[in-house]
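Trainee: Per TrEMBL, the features are:
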TRANSMEM  20-39  transmembrane segment
TRANSMEM  59-84  transmembrane segment
TRANSMEM  96-118  transmembrane segment
TRANSMEM  212-229  transmembrane segment
Amino acid sequence: MLRKFSNSRTLSDNIKLGSLTAFSAGMVNVVSVMLFFAFTSNVTGHYAVLAEEIAKGNWYQAGVVAAWIMLFFLGGFTSNCIIIHFNKNYTYLSHAVPVILEILCLLIVGTYVQFYYAETLLETEWLVGLMLYAMGIQNGLTASISNSAVKTTHLTGLTTDLGMLFSMFTKKEYRQNPQLRGKLKIQLSIMVSYLSGGITAGYIYMTIAYNVFYIVCLFLLIVIGYDYYKLKYYELVNRRELKSKKDYYRYVEVKNKKKILEKA
């Protein structure tokens, strides 16, 4: 999922990436709504709220919402900046670091809510901002490494794309197009995973409250760990194959030398 970049990624890579990250985004968004009464996996609604607050002259509220939007923007900026500067030599690491940053943000939110949260407005504003930054990181990561094929923190554009795809599939020529079929699989997997993550988070929150943040962090750690395991596994397989080839060529070389000596 995290080991490959842009055009080198397969359909399976993007489906796995989209499904797992959309699941975590759905969890985060539902928890933030239940705990802070604010959406944190996208900023579409925040733009409308910003316009409303400016129109009403509520400058403090407008400033807070503008800061939230900027934090989501900075999350995407941070994620892509890490990828483009370190991707050439450290592909897996450059893709894993944004996920680690996301985990740290969510861990800070979960820990603060557990031990220090007094439910004041200022605390809520900062915590929502931190969660928006984390979701910006995730959305920037998935979009960057998949060449914008995967965006998992909001479903507005995805729902529009699905409507367009289904309309195209009313014609046989489009139904048989492998690229469009692949795109449909990615988008359906993201939609189902996001919804599943939200439902799961809702049930967990009603059982263990704020501890759901730790569940999300654990889930993201499993994603990183799984990809690291696959990376090391393929490295080991490649080393063994290379060693086998070297041993074979050495054997052939020795055999040829013996034949030359026998003829002499």
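In case you wondered, yes, glycine gets a Cβ from its N, Cα and C as well.
Since this is a predicted model, take the numbers as computed values, not measurements.
Buried or exposed, and what's around them? Tell me for each listed feature.
Mentor: Packing against the transmembrane segment (20-39) from elsewhere in the chain are residues 1, 45-46, 106, 113, 124, 127-128, 131, 134-135, 138-139, 141-142, 150, 152-153, 189-191, 193-202, 205, 210, 212-213, 215-216, 219-220, 223: each is 6 or more residues past its ends and has a CB under 8 Å from a CB in it.
Sequence-distant neighbours of the transmembrane segment (96-118) (same chain, 6+ residues past either end, Cβ-Cβ under 8 Å): 2, 28, 35, 78-79, 82-83, 86, 127, 130-131, 133-135, 137-138, 140-141, 210-214, 216-217, 220-221, 223-224, 227-228.
Panel annotation: around the transmembrane segment (212-229), residues 1-3, 20-21, 23-24, 27-28, 31, 92, 96, 99-100, 102-103, 106-107, 109-110, 113, 201, 204-205 of the same chain, lying at least six beyond its termini, place a Cβ under 8 Å from a Cβ of the stretch.
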